[in-house]
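My questions all concern the structure below.
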Amino acid sequence: MNDGSLVALVALGAFHGLNPGMGWLFAVARGLQERSRALVLQSLPAIAAGHAASVFVIAAVVTVTGSVLTSRIVSIGGGAVLVGFGLWRLLSRRHFRWVGMRLTLWQLACWSFLMSSAHGAGLMLLPVLTHGAVTAPGHAHGMTPGAGSAVTAAVFVTGVHTLAMFIVAGTIAVLVYEVVGLAVLRRAWFNLDRLWAAALIGAGAATLLIAV
Amino acid sequence: MALWRPDPTFYPSPREAVDAPPETLAYTAAFDRSAQRPDAIAVVDVDPDSTSYGSVVGWTDLPNTGDELHHFGWNACSSALCPNAPHPHVERRYLVVPGLRSSRIHVLDVKDDPLKPSIVKVIEPEELAERAGYSRPHTVHCGPDGLYVSALGGANGQDGPGGIAVLDHDSFEVVGAWEADRGPQHLAYDFWWHLTQDVMVTSEWGTPSMIEDGVNAELLLGREYGHALHFWDLRKRRHVQTVDLGDEHQMVLELRPAHDPTRTYGFAGVVVSVEDLSASVWVWYREDGEFKARKVITIPAEPADSSALPPVIAPFGAVPPLVTDIDLSVDDRHLYVSCWGTGELKRYDVSDPFNPVEAGSVRIGGIVRRTPHPAAPGLPLAGGPQMVEVSRDGRRVYVTNSLYGPWDDQFYPDGVGAWAAKIDSGDDFTIDERFFPHGDDFRGLRPHQTRLQGGDASSDSYCYP
């Protein structure tokens with residue numbers, strides 16, 4: 001994996017962590033409901049775990065497929081899917097629904113998994129996955145490329161991305177809970193959905209361009 | 001079109017909503033009892049600095065007749081900020097306006113011309129019947145995952161059960177009935193929730209056959225109108241518990257849960273006790289995992305000469321207060337109780353919800369008293385304070401005088417008239433002499449619920465304390 005890919009991976013993690021809809025806001029809400037900072041802190045790993053699971057599914061599918069097929073086919077196919085999904089996110093007016101507020105940590109992780117999957121969090125990593133990640137970790141350890149190293153690559157990508165997401169989401173959650181207060185939502189909750197959709201389309205286009 | 005930042009009328013918490021700017025317009029449902037002319041949404045100027053303050057400045061006729069507009073609500077509110085299904089970039093711009101008699105649901109856009117809302121969609125009764133199995137839609141609340149609309153009646157030839165239909169947030173199409181398991185619930189009326197606790201509460205009036213021809217003395221004395229609260233799991237959509245208030249307490253109508261999402265209590269108004277014609281307000285609360293309810297306010301009937309009473313209550317020699325609406329201020333401090341029979345609006349300090357303290361009262365209208373408005377001291381008024389709406393800052397309280405077509409006619413047989421009033425709620429509690437739209441201002445229609453521009457005390461739910 002080259003430095004550029006790593007930076008992209010971390011940046012996308014930070015972007016996902018920043019989005020209130022991806023979980024930090026839920027952690028804050030749970031803490032405020034019970035007036036407990038501990039609950040904020042407990043919620044964050046569950047949210048990160050759900051996010052990681054969602055990203056890992058995509059990362060594993062792409063890297064394992066990539067170890068069997070040529071990366072060009074994966075890139076073109078994946079890129080097309082990504083552009084399509086991004087356009088759907090941009091144009092669709094449906095929003096995610098999960099009706100409950102009182103969730104166990106396990107349910108919270110499931111919520112996070114569904115939320116990340118519905119928003120295509122893993123798909124957004126496609127350019128990184130198809131452009132270098134398949135070979136990098138395996139080669140670093142002198143392993144031959146194959147399904148095994150592909151899974152290792154997927155774990156690596158998921159880990160780096162989720163760590164960045166977790167740090168950003170955690171920092172914001174604690175800051176909002178302890179210092180800033182939720183009034184900030186009214187001013188600073190920008191419509192990331194559109195930016196998000198644009199990022200998906202951009203990622204898909206980039207994947208296609210590199211492949212073709 | 002989605003916004004780049006949250007709709008400025010959304011507030012994360014009731015604490016912040018209290019600081020919202022004062023409303024300048026109010027939307028009031030008005031209906032034609034004779035069903036000859038279309039019902040309408042009247043737009044009232046509530047900006048005290050305006051030259052047209054206190055008058056009807058806008059009007060939108062509905063496309064049909066005989067709808068009987070009653071309650072209505074916004075397409076989106078502060079619940080859009082809830083963390084589990086956030087969608088803060090939608091706009092609060094549509095009023096969702098059911099016809100209680102016609103079962104049509106209208107969607108009005110107030111953004112382009114706030115003085116003349118435009119009708120953008122009409123959901124016909126057939127769609128509500130086919131998809132949800134309900135009729136007589138009533139209360140509308142903006143939920144985190146859709147619009148919830150309670151309905152008093154069944155459909156497709158069924159009188160009941162009534163229940164709740166869910167409408168899509170964006171297309172306003174009827175998605176279906178909300179209940180996965182209604183348990184013993186049959187009667188419906190109002191509903192609201194403890195959103196952060198996954199608790200739904202519903203109340204009971206009666207099915208269409210029990211109410212549409214007026215209050216039925218046989219049913220009333222037989223104690224067959226609703227007298228229970230129902231508690232539900234909001235997430236699983238299942239009935240959890242019935243709390244019976246006692247069958248002498250007939251007609252459990254408005255539900256006002258605490259706005260503070262960390263609290264688990266709320267107020268329910270009961271119209272009349274068949275034992276002594278008193279009205280009451282109850283608090284529900286949760287104790288050891290069980291919901292319970294306790295009567296915290298009793299308002300006695302006022303003795304009156306039978307000859308001064310309409311036939312429906314003449315045999316009793318007393319005027320029942322008929323508590324038909326209550327409203328809780330956003331800071332959960334004041335509860336407003338309208339006594340439509342005796343013509344009184346009471347204010348209670350409910351800082352301790354289990355021990356309300358009366359903190360003001362105004363008289364206007366009433367079956368016997370006919371108290372005039374201070375702006376027109378020579379004009380006796382029929383009807384009484386009925387629908388109550390409270391501004392988000394809690395300083396202004398708006399009331400209208402009509403209850404429900406056939407019931408208006410029974411209790412005010414010489415005509416219920418049409419008027420609205422505003423009460424200033426501060427250290428004092430007094431009727432605003434400058435605010436009195438009445439009579440021809442409503443063009444012969446009867447005013448019912450009022451919604452305030454940007455939200456009010458009964459429109460928004462909050463997910464953060």
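Glycine too: its Cβ is placed from the backbone N, Cα and C atoms.
According to TrEMBL, the transmembrane segment annotation covers A:6-27, A:39-61, A:73-91, A:103-130, A:150-183, A:195-211.
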Need a quick answer: max count of Cβ pairs under 8 Å to the transmembrane segment (A:39-61), which of A:6-27, A:73-91, A:103-130, A:195-211 is it?
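Per the Cβ under 8 Å count, A:103-130.
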For the transmembrane segment (A:150-183) and the transmembrane segment (A:73-91), decide whether they are in contact, meaning at least 3 CB pairs lie under 8 A, counting pairs 6 or more apart in sequence.
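Answer no, regions not in contact.
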Should anything in the same chain at least six residues away from the transmembrane segment (A:195-211) have a Cβ under 8 Å from its Cβ atoms, list it; otherwise answer none.
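Non-local partners: 12, 15, 19, 71-72, 75-76, 78-87, 89-90, 119-120, 123-127, 130-131.
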